[in-house]
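Sharing the features that Swiss-Prot gives for it:
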type: BINDING; residues: Cys16, Cys18, Cys37, Cys40; note: Zn(2+) binding site
Amino acid sequence: MKKGIHPNYAEVTAKCSCGNEIKTRSTVGHDLNLDVCGNCHPFYTGKQRDVASGGRVDRFNKRFSIPGSK
């Protein structure tokens, strides 16, 4: 391999807002701050909310439906 053309590959720490620290290696060169990680993400913790917002058809039917009819 040629000398001096490859980026520095060093150990960095990714710190989550929940306090979890993940040690990894990267070419970034400094520690990373994360918003969410596997310990606090709603999908992985089971605290996921089900959003039933509907689609375009539901919005159209709601807007142009006749009051009192089903």
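Just so it is clear, glycine is given a Cβ too, placed from its N, Cα and C backbone atoms.
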For Cys16 (Zn(2+) binding site), what is the tally of other C-beta atoms lying within 10 angstroms of its C-beta?
18
Identify all same-chain residues not among Cys16, Cys18, Cys37, Cys40 whose C-beta atom falls within 8 angstroms of the centroid of the Zn(2+) site's C-beta atoms; report them in sequence order.
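My list of surrounding residues reads Ser17, Gly19, Asn20, Leu34, Val36, Gly38, Asn39, His41.
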When you tally the Cβ atoms that lie within 10 Å of each candidate's Cβ, which of the binding-site residues (Cys18, Cys40) has the highest tally?
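The largest 10 Å Cβ neighbour count belongs to Cys40.
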Using a Cβ-Cβ cut-off under 8 angstroms and a sequence gap of six or more, which residues of the chain neighbour Cys37 (Zn(2+) binding site)?
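The answer is Ala14, Cys16, Cys18, Asn20, Ile22.
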